[in-house]
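Q: Pasting a structure below so you can have a look.
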């Protein structure tokens with residue numbers, strides 16, 4: 001009976017039911033999208049392309065097994081190579097039909113001396129013997145049997161208009177070289193990246209890591225199962241990674257494994273944010289709809305319904321709407337998940353080759369979480385109405401009380417204390433990890449506002465009501481009275497507005513502040529009058545020598561970047577490896593390092609040596625002359641001697657190694673930038689530009705290019721936060737429109753009575769605009785204050801007092817809040833006053 005009553009009553013509250021439906025629908029969709037992102041990170045499904053014909057792919061170590069963790073493995077930043085002798089060992093395993101080594105090196109097609117496609121060079125050069133790994137078959141011409149010959153893939157040859165016998169210019173490892181196209185090959189399936197196949201002699205000559213191979217493709221003998229053979233190879237040739245199926249894609253595409261942690265963080269942070277936002281939004285919406293039914297529920301109680309029956313009816317109504325919204329949210333979640341993932345790929349956050357995975361587990365997790373939040377919100381919202389005595393409920397339906405109960409007050413105090421504690425803790429954290437602690441402060445602060453919402457609205461009206469009357473005129477008098485009397489209803493609108501502004505300002509300005517400090521710390525370690533950058537693979541030793549001999553150059557140094565760990569004694573950095581910089585020794589041009597040396601000398605920075613930030617050395621309890629073991633970006637264990645201590649900032653510090661040592665353990669094996677110092681900077685840039693005018697993919701800039709290159713990589717990381725902020729703000733904005741519309745539409749009788757008393761539609765509309773303005777300004781101010789608990793501590797950790805960031809973001813947020821509130825108010829007012837005043841007064845409602 002209670003269920004039948006609950007279902008039959010829904011059609012009489014279409015607006016309120018629609019508001020709950022929209023809030024739950026969007027929340028469910030976002031949660032399912034987050035679950036899909038998390039599942040994608042766990043599965044890491046990336047189908048192989050160029051290696052698709054080989055049933056097994058063998059590569060180097062998958063990553064660094066953290067010494068202080070039982071099973072966590074962090075992927076290396078560079079490709080881990082295998083010694084050539086490992087190929088023979090793999091071939092000797094029983095069941096192996098053929099083991100094909102693969103060597104990759106940077107190769108770019110040139111058109112009129114410039115790269116045919118913009119962007120960084122990819123590892124597109126290979127030996128012809130590895131063409132079988134992708135099932136490449138010659139469609140014209142012959143194999144490259146002699147040096148100076150190359151086979152192009154069919155797509156590249158078609159786009160360039162080349163055939164067997166054509167001459168082609170390529171940039172191989174950064175240097176321009178001319179080749180003859182000996183043939184054109186077609187792969188067995190679609191391969192998006194270009195492929196250039198060289199003779200065995202040329203492949204060995206261009207190999208950035210002589211004596212090694214990047215991968216080994218394995219073809220099982222007839223009748224041998226690939227999975228069984230993979231187990232045998234792993235057992236007989238340990239320390240290698242043997243992959244089958246779609247896992248082979250992570251060996252072909254280096255960025256796939258490295259995207260796992262960012263994706264997990266993206267899904268976890270965004271999912272947690274959505275859970276909190278959804279809980280606040282759904283609770284506010286359901287509480288508002290229940291509050292508007294206070295009179296009806298009181299009458300039910302007066303006619304004999306028990307508190308339990310009333311409570312069950314409200315919960316059943318809400319869950320019926322929630323169940324329909326959750327089912328529809330599954331479709332929305334699929335669309336949102338694919339959109340977020342594709343957007344992340346286009347922004348460079350995840351590699352294009354990674355496939356989005358969202359199966360029944362993701363849908364089930366999102367829908368269960370949605371229904372749980374909906375049930376909890378409905379259960380608590382209905383509790384107060386069900387417990388109230390009939391006479392008390394009728395009185396509260398007329399003039400709702402603004403005083404919150406002790407439980408909500410205690411919750412608000414806890415959230416307030418948590419916000420202050422998070423902010424205080426952030427101040428004492430390193431800047432590179434502070435955002436993980438300070439970020440949740442915007443959520444705890446917003447929860448506190450939601451719990452005290454009615455009292456906050458009442459307090460604002462009591463304190464600033466006279467001021468509003470003076471500013472807004474006589475139309476504001478009734479608006480101020482209404483806002484005070486309807487503080488409970490307006491609190492439901494206040495919550496999403498506060499949340500949207502706090503998340504927007506807190507996320508954006510925290511990121512811009514941290515990003516500025518990060519770039520300043522990176523660029524501050526280096527000094528240059530000119531920066532030469534290659535996007536075609538890097539600089540050869542001959543090119544480095546030509547740069548050094550350029551007129552006006554006093555010193556020059558290749559700059560190599562990577563990441564790694566101090567393994568013994570272990571630095572404890574875990575999944576966040578230290579940044580590594582490679583420069584030349586001081587007497588070889590190493591004065592490009594601007595960081596002050598506190599002990600030791602950079603003249604000794606050669607061979608297996610390292611210069612450590614003094615803070616890192618202190619934590620490791622090492623000094624100049626100490627020997628430590630490092631794990632570099634390609635997984636190599638390298639013993640080094642500490643030759644200098646640097647006065648680097650404690651946050652964003654970098655360890656400095658000889659450029660040639662670090663380059664030997666990077667994927668390309670070459671430096672992508674050269675830092676140059678000389679006299680007149682403009683003359684130096686001009687001279688270097690003349691020197692490099694015939695070098696493909698090389699640009700010359702002033703010292704700002706150094707920060708710009710790091711800015712580009714930092715921007716990719718920042719885009720994650722911006723994407724999260726935009727989605728959370730959009731959800732909160734929709735919720736604000738939702739609750740505001742419900743609050744206005746429920747007042748049809750009130751507006752009709754005002755019009756019967758002499759007010760016209762314009763006066764009622766202006767009254768509503770003032771009410772909306774009060775709530776908007778209150779929410780905006782609260783959002784700004786809450787965001788300061790995140791932004792200001794973040795600034796203090798970077799050594800600044802004032803946060804960094806463009807002022808237009810703040811102005812945009814302010815404008816957005818009013819563009820949310822006032823148009824929604826205008827539209828809702830128009831709908832609420834469609835009928836004439838007499839008909840409106842006769843309608844059910846308030």
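Think of each number as a place in line: the chain as shown, counted from 1.
Using N, Cα and C of the backbone, Cβ positions are placed for all residues, glycine too.
Please treat TrEMBL annotations as automatic predictions, because they have not gone through curation.
Owing to the predicted nature of the structure, the values given are computational and were not obtained by experimental measurement.
For reference, TrEMBL lists these features for the protein:
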{"type": "DOMAIN", "residues": "269-388", "note": "domain 'ABC3 transporter permease C-terminal'"}
{"type": "DOMAIN", "residues": "723-836", "note": "domain 'ABC3 transporter permease C-terminal'"}
{"type": "TRANSMEM", "residues": "12-38", "note": "transmembrane segment"}
{"type": "TRANSMEM", "residues": "263-290", "note": "transmembrane segment"}
{"type": "TRANSMEM", "residues": "318-340", "note": "transmembrane segment"}
{"type": "TRANSMEM", "residues": "360-386", "note": "transmembrane segment"}
{"type": "TRANSMEM", "residues": "407-429", "note": "transmembrane segment"}
{"type": "TRANSMEM", "residues": "441-461", "note": "transmembrane segment"}
{"type": "TRANSMEM", "residues": "487-509", "note": "transmembrane segment"}
{"type": "TRANSMEM", "residues": "719-746", "note": "transmembrane segment"}
{"type": "TRANSMEM", "residues": "767-795", "note": "transmembrane segment"}
{"type": "TRANSMEM", "residues": "807-827", "note": "transmembrane segment"}
Q: Who are the long-range neighbours of the transmembrane segment (318-340) in its own chain, taking Cβ under 8 Å and residues 6 or more past its ends?
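A: Those are 6-7, 10, 17, 20-22, 24-33, 35-37, 286, 356, 358, 362-363, 366-367, 370-371, 374-375, 377-378, 381-382, 723, 727, in sequence order.
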Q: Grab the same-chain neighbours of the transmembrane segment (12-38) for me: Cβ-Cβ under 8 Å, and only residues 6 or more beyond its ends, written as numbers and ranges.
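A: Here the qualifying positions are 263-264, 266-268, 270-271, 274-275, 277-278, 281-282, 285-286, 288-289, 292-293, 317-318, 321-322, 324-326, 328-330, 332-337, 340-341, 356-358, 361-363, 365-367, 369-370, 373-374, 727, 731, 734-735, 738-739, 741-742, 745-746, 844.
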Q: Can the transmembrane segment (487-509) be said to touch the transmembrane segment (360-386) if we require at least 3 CB pairs below 8 Å and skip pairs under 6 apart in sequence?
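A: Checked: the transmembrane segment (487-509) vs the transmembrane segment (360-386), no contact.
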Q: With pairs fewer than 6 apart in sequence excluded, do the transmembrane segment (441-461) and the transmembrane segment (263-290) have three or more C-beta pairs that lie under 8 Å?
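A: Contact criterion met.
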Q: Using DSSP, what is the helix/strand/coil residue split across the domain 'ABC3 transporter permease C-terminal' (723-836)?
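A: Going by DSSP assignments, the domain 'ABC3 transporter permease C-terminal' (723-836) contains 95 helix, 0 strand, 19 coil.
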